[in-house]
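For reference, the structure is listed below as structure tokens.
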Amino acid sequence: MDPEVPVTGWMIDFADILAEKLGVCYELVRQLHPGVRLDNGTYTLVTGLLQRSEIDLVITPWIMSPAREEIMDFSTYIYIEQQELIATRPKPEADITGFIKPFPAYAGQINAAILLRYSYMLNPPELYVRFIYSLTVPAVPWEPKRVPERILTCVWLIFTLIICTLYRSNLKAMLISPKIVLPFTNLEEFLSTGMKVHLFEGSVAWDSVMKAPPDSLLGRLLGPAIIDGDGIAAIAKMFRGELVGLSSQATHKNLMHLDFTKNGECTLFATYNDAMLQLPVGIPFPTGSKLIPKVNDVVTRLREFGILDHLYKRHVPNASECFKPVSATLSVDALRPLELKDFYGVFSIYVGGLLLGLLAFGCELLIKHQDDSRLPIANQRPQPSRTETFSDQQLKWRAQITKSE
């Protein structure tokens, strides 16, 4: 290895422990590609060295795939690995249904239960009358006379204004809260997006996709796949949102840890709820190596006592932040320009209030019209015209009353 390039990771600690227990020394060789199978059945690079027994072991754990087990032996498993899709997180956008979020789900359930409870206690006519009366009841006139009452009234009105303003501001802030819509959450949804996926040539994911039936979910990945052996360039394109990656969860956690440590936010998300190709991971050896029993004893002790898990989590402490639900990691401090869609929820509440006001006003007019139509004819005195005197109008009223009697 180049001494100027620092080598970090939990496998360095594991290699030091393993070398100490075995009483051997090890050499790190920079190799970014495991190798591929040639037409004559041989392999290139590190896989070829193991096949030809030119090295004793590879300290980096490899996934125990059936193709690899044909040409090499593995130690007991270190942990169970799974393949996942990983992509850049979408940007926050406006939430149209945000106007119902300030109220929890149980609030509507409680209100519905109360209405159902009292609807059985009240008969329909009385319930209808109470509903109409609540919309048309007039305000009670009240005017404080003395100075203390007026001071108390002013203070109460000021407090009411402050509380209403604060509540309305907080409610509006909740109404325009953004949301994040993930483009996909599993492999089936990803195939319907039309996005490109990168497959690392020679990896287990690449081998599984190549051998899968064409009509299966894995086999259909071959259509939008970009296959090459340049993982560094693929990671850069993935951070720019140009493609989606398919690799192990350990790789994803390391990327997320480095990203969160450097930028303070999660740029990527993974479909950890839709894991694929769950396979054990172990140390690869040449076939028939005598070091396998000794390594198995050390690995078993480290795994069963939780030391391997501790070493791994110690080097990726910030990865857990990016594996939380996307809504939980949405930064409230992130600024974005407001859109018209942000105010749809607020506008709906305002329009609803106006409609209720118009409904109450219409009910008042309807009830007033019904009350006027029920008055006796004798009580419906016509209004005098401007040309008539008051005495002449009185004579007309008396004549109408006498005639009706």
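Just so you know, glycine gets a Cβ as well, placed from its N, Cα and C.
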Cys322 - recorded disulfide partner, TrEMBL, among Cys266, Cys363:
Cys266
Given Lys211 (site 'Interaction with the cone snail toxin Con-ikot-ikot') and Cys266 (disulfide bond), what distance in Å do their CA atoms have, once rounded to a whole number?
34
Averaging the per-residue pLDDT over the domain 'Ionotropic glutamate receptor C-terminal' (131-354), what integer do you get?
81
